[in-house]
Amino acid sequence: MNHHEITIFKTFTVDDVLEVIGFGKFQWKISLLTGLSWIADAMEMMILSILGPQLHCEWRLPGYQVALITSVVFVGMGISSPLWGNVSDKYGRRVGLTICMCWTLYYGLMSAFSPVYGWLLVLRGLVGFGIGGAPQSVTLYSEFLPVKSRGICIMLIAAFWAIGTVFEVLLALWVMPTLGWRWLLGLSTIPMAIFVSFCFWLPESPRFDVLTGRSEKAMETLTRVAKENGKTMPQGRMIAYQQSDRGQIKDLFAAQYWRTTLPLWFIWFAYAFSYYGIVLLTTELFQAGDSSKIEPTCSLECKYLTSADYKDLLWTTLAEFPGLLVILLAVDHIGRKRSMALCFFMFSLCILPLFACIERTALTILIFVARAFISGGYQVVFVYTPEVFPTGSRALAMGTSSAMARVGALITPFVAQVMLRTSVYLTLSVYCGVAVLAGVASLILPIETLGRSLQESAGVQP
């Protein structure tokens with residue numbers, strides 16, 4: 001192609017094309033599909049709070065073995081998150097997501113047939129290993145969105161998380177009394193099965209294709225998106241950034257990124273720590289109504305969850321919806337950083353009154369509000385992370401951050417359940433302190449990503 005011809009063509013980047021194509025039918029489809037992977041993820045997480053008490057009774061397990069069922073899932077996730085991130089940065093988002101979903105589906109179904117405790121532990125661990133890849137659906141999804149709708153849309157995905165948790169509790173209400181936990185494990189894999197069967201429709205992220213030097217493939221994908229949205233492609237030639245060394249940890253600590261990476265990791269840690277903490281504290285504090293309960297119990301006395309317990313679980317789970325609404329408004333008005341800070345400070349404010357002995361109604365309301373804010377904030381950090389890192393290390397950034405969150409989730413049962421037995425005040429202080437620190441950390445993040453386009457390569461700063 002000689003120089004004269006090129007001047008006629010207008011050059012454009014993936015971002016420009018996505019701006020022209022806008023948010024349409026294609027994005028709705030991909031919202032539903034990535035949403036399914038979130039529903040599946042949420043359901044696998046909710047199972048843990050239902051499976052524990054049940055097996056405690058049925059198999060006469062001591063407390064620490066029940067806790068282990070939860071921990072082993074988080075361990076699997078913590079190990080696998082960076083691995084899936086690496087796969088997604090090297091071989092493509094679609095590949096990573098498809099493999100991880102098939103993996104989870106297979107072991108999720110297998111765990112329904114586990115004969116003894118040891119098998120269940122291994123199989124749930126492998127399920128956790130698979131779920132570790134679910135955040136990659138956000139990576140894939142965010143790379144198809146125009147700037148204007150990105151914040152709102154990733155929130156939509158978060159709504160699917162809340163739907164998944166509610167759905168799981170309803171399923172348990174229906175299945176547990178009659179069919180038992182094996183059916184619950186089996187039926188909970190349905191969203192995943194649907195996802196896997198629609199996987200062939202998922203296109204590879206055009207940004208990823210451009211980075212790996214497959215511009216024609218990216219153009220094909222974008223043309224397909226444009227066609228589904230009923231828009232025309234801009235005329236011209238694609239500008240390609242190429243990067244061969246993708247997905248390396250040292251990229252996250254490059255000169256312009258380490259100031260973002262470190263506080264962000266702490267923020268992820270704090271979110272999971274506080275979020276799963278408030279989920280576990282809910283049942284613990286409700287039981288503490290009669291103070292004798294908080295003594296350490298070694299006996300194998302056992303309580304099956306009653307339908308009243310499931311309804312309580314449902315109420316606290318519903319707290320996530322108002323949280324999402326508040327944050328939906330905040331995230332595009334006051335910016336991502338301030339939204340995160342707002343959530344943390346509100347959370348610690350709601351924890352403070354718990355230091356005084358308060359009655360059950362007030363307790364419920366405070367926990368409801370605290371959970372609403374923390375779950376809303378969890379979503380902001382999901383919006384912020386893919387926006388702040390370049391395409392070459394975006395999946396890895398999501399993976400490692402997600403692993404930090406798993407560390408938080410791993411530690412939190414020991415604080416919310418074990419430390420609570422020794423001192424309630426100490427426990428609450430820990431949650432308060434972590435939340436305040438994280439609020440400060442979100443304010444000192446160097447980059448506000450509101451309204452800026454996704455970074456393609458590490459060298460280009462807006």
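Placed from the backbone N, Cα and C atoms, the Cβ positions cover glycine too.
Some features that TrEMBL has for this protein:
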type: TRANSMEM; residues: 30-51; note: transmembrane segment
type: DOMAIN; residues: 30-450; note: domain 'Major facilitator superfamily (MFS) profile'
type: TRANSMEM; residues: 63-83; note: transmembrane segment
type: TRANSMEM; residues: 95-113; note: transmembrane segment
type: TRANSMEM; residues: 119-141; note: transmembrane segment
type: TRANSMEM; residues: 153-175; note: transmembrane segment
type: TRANSMEM; residues: 181-202; note: transmembrane segment
type: TRANSMEM; residues: 262-282; note: transmembrane segment
type: TRANSMEM; residues: 313-331; note: transmembrane segment
type: TRANSMEM; residues: 338-356; note: transmembrane segment
type: TRANSMEM; residues: 396-416; note: transmembrane segment
type: TRANSMEM; residues: 428-447; note: transmembrane segment
Long-range neighbours of the transmembrane segment (153-175), counting only residues six or more past its ends (CB under 8 A): 23, 27, 31, 34-36, 38-43, 45-47, 50, 137-138, 141-142, 145, 183-184, 187-188, 191, 307, 310-311, 313-314, 317-318, 320-321, 324, 327-328, 331, 375, 378-379, 382-383, 386
Contact between the transmembrane segment (30-51) and the transmembrane segment (181-202) (3 or more Cβ pairs under 8 Å, separation 6+): yes
Contact set, same chain, for the transmembrane segment (262-282): CB under 8 Å, 6 or more residues outside the stretch: 49, 312, 316, 340, 344, 347, 367, 370-371, 374-375, 377-378, 381, 384-385, 388, 400-402, 404-409, 411-413, 415-417, 420, 427, 431, 434-435, 437-438, 441-442, 444-445
Of 95-113, 181-202, 338-356, 396-416, whichever stretch has the most CB pairs under 8 A to the transmembrane segment (313-331): 338-356
Candidates 95-113, 119-141, 338-356; stretch with most C-beta pairs under 8 Å toward the transmembrane segment (396-416): 119-141
Folded-back contacts onto the transmembrane segment (119-141), same chain, C-beta under 8 angstroms, at least six residues removed: 30-31, 34, 37-38, 40-41, 44-45, 55, 68-69, 72-81, 83-85, 87-88, 93-94, 96-97, 99-101, 103-105, 107-108, 110-111, 153-154, 157, 202, 205, 382, 386, 394-395, 398-399, 402-403, 406
